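**Q** The following feature annotations were taken from TrEMBL:
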TRANSMEM  20-42  transmembrane segment
DOMAIN    34-283  domain 'G-protein coupled receptors family 1 profile'
TRANSMEM  54-72  transmembrane segment
TRANSMEM  92-113  transmembrane segment
TRANSMEM  133-155  transmembrane segment
TRANSMEM  196-217  transmembrane segment
TRANSMEM  229-253  transmembrane segment
TRANSMEM  265-285  transmembrane segment
Amino acid sequence: MNTSGPVEYFILDGLKNSYVLPIFFTVYVSILSGNSMIIYLVRTDPKLNTPMYFFLHNLSFSDIVYTSVTIPKMLSVLLTEVKTISKTGCFVQMYFVLSTGVTGRALLTVMAFDRYVAICNPLRYTTIMTRRLCILLIFASWGFGVIIVLPPAIWATQLPYCGPNIVRHMFCDHSSVVSLACVDTTRNGIFSLTNALIALLSTFLFILISYVCIGKAMTKMSKAQQLKVAATFVSHLIVVCISYVSATFVYISYRVARFDPDVRIVIAVLYSVLTPLLNPIIYSLRNKELQDAMKRAFCRCTVTFKTSTKTVPSVA
């Protein structure tokens, strides 16, 4: 759709098949349920009052925000076929997608540092990972996500949009929206790519350094100790691999000119829901402490339910 004046709204024109509606709905409910469960367990179970679960609690909250910014609008488009989104709403969605995406990786970096201290400096763990340091690391993670994406997001809002206004995506993806500007966006694209690489590579580098140090420490341990130590970080390592591999595929798809647009949309959507969906599953299946916390929570709920359903004998 071409417009004669400045664009006041955008049209989200991504996947057109309505059969994906129940899939997205099921995925979204699963993401909310799984991550809310982790937040509830960490906040109510005293045995999970450790730095690792404090960081996991924040990662789950970040995943909920990340998916809540995009999936409800996707469901609305598929359900009502009203594909428009206001210009302001589009840029707000774009910013939160970028910000929470970076924050998630910063939290994964903090969790890698926590595992490094626990494995390489076990005797000093409690003195290093104090409550104050944990809170500072959380503020640093969220602050990193908030600040580093501000320049490309603000620059995108300053570009002139005079038509077309059809976003070839399921949500207001930065690259898809900026490509609609009426001016040359080469510099904007280079700046945005540089910013993204800084966010991705800096966090990945810190994670890599942490695991190299962990690997060196494990070489000095016995086989039994290595298995015991590996059990404490394997869940985190799986999540890191899934997160960065999927992010790599997304960025490659945007840099290959001949890449099918529909396939690119599918990859981007999978990327936006895959890690938030798998995080609770991976941590729950691989973590005995979380499994035990779920059993305790279930027992508490069962006892409460039985108590509340007891009937008082009636007076004749």
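The backbone N, Cα and C atoms fix where each Cβ goes, and this holds for glycine too.
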**Q** Between the transmembrane segment (54-72) and the transmembrane segment (196-217), are there at least three Cβ pairs closer than 8 Å, leaving out pairs fewer than 6 positions apart?
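**A** No, the transmembrane segment (54-72) and the transmembrane segment (196-217) are not in contact.
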**Q** Out of 92-113, 196-217, 229-253, 265-285, which stretch has the largest tally of CB pairs under 8 angstroms to the transmembrane segment (20-42)?
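**A** The stretch with the most contacts is 265-285.
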